[in-house]
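Straight from TrEMBL, the features:
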- 203-237: repeat 'PPR' (REPEAT)
- 238-272: repeat 'PPR' (REPEAT)
- 273-307: repeat 'PPR' (REPEAT)
- 291-428: domain 'PROP1-like PPR' (DOMAIN)
- 308-342: repeat 'PPR' (REPEAT)
- 343-377: repeat 'PPR' (REPEAT)
- 378-412: repeat 'PPR' (REPEAT)
- 413-447: repeat 'PPR' (REPEAT)
- 448-482: repeat 'PPR' (REPEAT)
- 483-517: repeat 'PPR' (REPEAT)
- 522-556: repeat 'PPR' (REPEAT)
- 557-591: repeat 'PPR' (REPEAT)
Amino acid sequence: MFNWTMNTSVTSSLLPSMNLLTCLSFSTVSRRRLSVEAHTYYYYPTARPRRKLCACRNVLQETAPRDAEADPCRHGERKSRRRGDGAYYIDKDGGGVARTFDRKKISRKRGGAIKGRGWKYGSGFVDGVFPVLSPMAQDVLELVQTRGTDAASVWESLDKIPQAHDLWDDIVNVAVQLRLNRQWEPIITVCEWVLRRSSFRPDIICYNLLIDAYGQKRQLSEAEAAYMALLEARCVPTEDTYALLLRAYCGSGQLHRAEGVISEMQRNGIPPTATVYNAYLDGLLKARCSEKAVEVYQRMKKERCRTNTETYTLMINVYGKANQPMSSLRVFREMKSVGCKPNICTYTALVNAFAREGLCEKAEEVFEEMQQAGHEPDVYAYNALMEAYSRAGLPQGASEIFSLMEHMGCEPDRASYNILVDAFGRAGLHQEAEAAFQELKQQGMRPTMKSHMLLLSAHARSGNVARCEEVMAQLHKSGLRPDTFALNAMLNAYGRAGRLDDMERLFAAMERGDGAIAGAPDTSTYNVMVNAYGRAGYLDRMEAAFRSLAARGLAADVVTWTSRIGAYARKKEYGQCLRVFEEMVDAGCYPDAGTAKVLLAACSDERQVEQVKAIVRSMHKDAKTLFAL
């Protein structure tokens with residue numbers, strides 16, 4: 001537990017600074033077009049990287065240099081150069097007139113204010129520059145972090161801060177820093193204070209922060225209200241505003257409303273750019289909506305929206321998580337064929353795609369190609385390769401990659417140790433899994449819920465129920481409430497040990513929603529129950545658990561059906577196996593290799609074996625992949 005302390009002495013002295021001056025005058029607002037006349041003056045110290053001024057949709061904003069393929073939709077550009085004590089730029093939108101400004105009169109502290117500088121979607125900071133907090137901003141940050149859940153108290157304290165010309169920059173910097181820390185509730189508190197109580201006129205970055213925070217918390221009505229407030233304040237929504245709305249809708253499973261955002265942009269004459277489509281794909285990826293993601297990707301290409309590295313990386317991840325690594329490879333090859341250069345994230349996504357299927361050799365090939373392309377593997381790339389060996393049942397290979405990572409000076413993270421625990425657990429090496437778990441703690445890292453769950457699974461496979469119960473006790477002692485994955489591992493341990501009474505008591509607690517646990521039953525929970533009852537020969541209890549699955553609105557998967565068939569196969573009830581198999585096919589669930597193996601185990605003569613082979617061949621011929629590239 002973190003002990004947050006508050007600095008109650010909020011200083012009233014503010015550091016003076018010369019800030020960016022922006023004057024925006026709004027002319028005409030309509031559904032088709034928002035015309036903004038912007039006069040913005042910038043000064044860049046000589047020590048800073050060269051930047052340029054660009055005008056996009058008549059909104060002047062500062063942008064860092066980026067590849068053309070990553071920002072293909074610029075409509076105009078203003079070039080600036082220094083001359084003596086001033087600087088001038090050629091205003092192409094203004095008829096090619098040379099305009100000047102005095103850099104001595106207008107300056108900005110290095111790395112300071114982000115007012116008017118736009119928003120870089122998904123980064124947590126603006127234009128690659130982290131916010132630099134002044135002493136006042138540090139005090140405000142501590143105040144908000146300490147009292148983040150007490151909005152009234154925070155608002156009252158913010159009301160008492162003396163007004164100053166750089167207070168707005170401090171408030172925005174605090175909000176951006178909170179976003180870097182993924183502290184959504186304090187962001188809402190600060191931004192709502194700006195909207196409701198302060199004398200400031202919020203700009204687009206304030207509204208974007210608020211929409212993002214509400215979207216992360218899946219409070220869609222509040223996110224929509226923030227968007228409407230943005231329009232009522234005559235603030236111009238950017239493509240990042242729409243991107244954040246898309247991600248919020250996708251994260252909550254509201255795909256039809258996400259489509260509404262795209263339609264709204266098109267009605268207003270704003271064609272969705274790669275930034276918007278990438279946000280849409282990212283949201284669909286996290287929502288596990290693979291088919292919809294492919295549809296959006298095809299639409300993106302049909303509309304001739306130029307794809308970039310992020311687009312291809314997202315699609316490689318989409319196919320990888322859908323267990324179609326060869327489709328991921330085809331996307332990777334398509335990417336290179338159009339001249340789009342993969343980055344280290346792209347290579348890592350492709351390694352992960354092969355890792356999920358335990359294809360070690362393919363994962364190694366991609367890993368080597370990444371190094372040949374000049375990319376030094378980071379901890380995420382090493383972890384992906386370790387995962388490939390873990391899924392393939394080769395824990396020693398995962399351990400060797402772990403050692404190689406340390407030898408190359410790349411420090412393992414918590415995920416690295418979790419993969420080691422999982423690798424040894426899958427292979428039934430519970431002592432080695434325990435050692436990896438203990439090493440994680442010795443390195444000063446705090447085990448997460450996933451760490452405990454993987455250790456539970458390792459001991460459950462070895463039948464060490466006593467150690468499983470000790471891990472659960474440690475979990476409670478750490479202040480963590482067991483989630484569904486951890487509870488399923490415990491259920492499996494009880495089922496494998498034949499302690500069905502304990503299994504049923506834990507299952508009943510999950511159904512009740514006991515306060516000591518955080519997990520509710522899911523399909524995997526019922527799979528454990530069906531398998532345990534089937535192995536014990538309690539077919540009536542197994543069928544009751546199977547019916548309960550549908551009663552809770554959950555769908556049986558291939559594991560559920562195969563476990564049910566396996567129960568009858570152990571009793572050599574071939575007719576019942578075929579009946580359940582037909583129900584499985586009618587339900588739209590296609591069998592896998594495990595199903596075929598269980599069906600063959602139910603056969604008692606050669607005729608039945610040939611019948612099963614014929615059925616499996618016909619099913620394999622008719623079955624289709626999840627989606628085509």
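Cβ coordinates come from backbone N, Cα and C, glycine included.
Taking Cβ pairs closer than 8 Å, the repeat 'PPR' (557-591) reaches residues 523-524, 526-527, 530-531, 533-535, 537, 539, 542, 546, 549, 598-599, 601-604, 608, 615-616, 619, 623 in its own chain, all 6 or more past its ends.
Proximity of distant same-chain residues to the repeat 'PPR' (483-517), defined by a Cβ-Cβ separation under 8 Å and at least 6 residues beyond the stretch ends, is recorded for 449-450, 452-453, 456-457, 459-461, 463-465, 468-469, 472, 475-476, 524-525, 528-529, 531-533, 535-536, 538. Under 8 Å from some Cβ of the repeat 'PPR' (448-482) lie the Cβ atoms of residues 1, 414, 417-418, 421-422, 424-426, 428-430, 433-434, 437, 440, 489-490, 492-494, 496-497, 499, 516-519, all in the same chain and six or more residues away from its ends. Within its own chain, the repeat 'PPR' (522-556) is flanked in space by residues 484-485, 487-488, 491-492, 494-496, 498, 500, 503, 507, 510, 563-564, 566-568, 570-571, 587, 589, which lie at least six positions past its ends and keep a Cβ under 8 Å from the stretch. Among residues of the same chain six or more beyond the repeat 'PPR' (378-412), those with a C-beta under 8 A of the stretch's C-beta atoms are 344, 347-348, 351-352, 354-360, 363-364, 367, 370, 419-420, 422-424, 426-427, 429, 432, 443. Helix, strand and coil counts under DSSP for the domain 'PROP1-like PPR' (291-428) come to 103 helix, 0 strand, 35 coil.
Within its own chain, the repeat 'PPR' (413-447) has Cβ neighbours under 8 Å at 379, 382-383, 386-387, 389-391, 393-395, 398-399, 402, 405, 454-455, 457-459, 461-462, 464, 467, 478, counting only residues six or more beyond its boundaries. Per-residue confidence over the repeat 'PPR' (203-237) averages out at a pLDDT of 87. Sorting the repeat 'PPR' (557-591) by DSSP state (H, G, I as helix; E, B as strand; all else coil) yields 26 helix, 0 strand, 9 coil. Per DSSP, the repeat 'PPR' (448-482) is made up of 26 helix, 0 strand, 9 coil.
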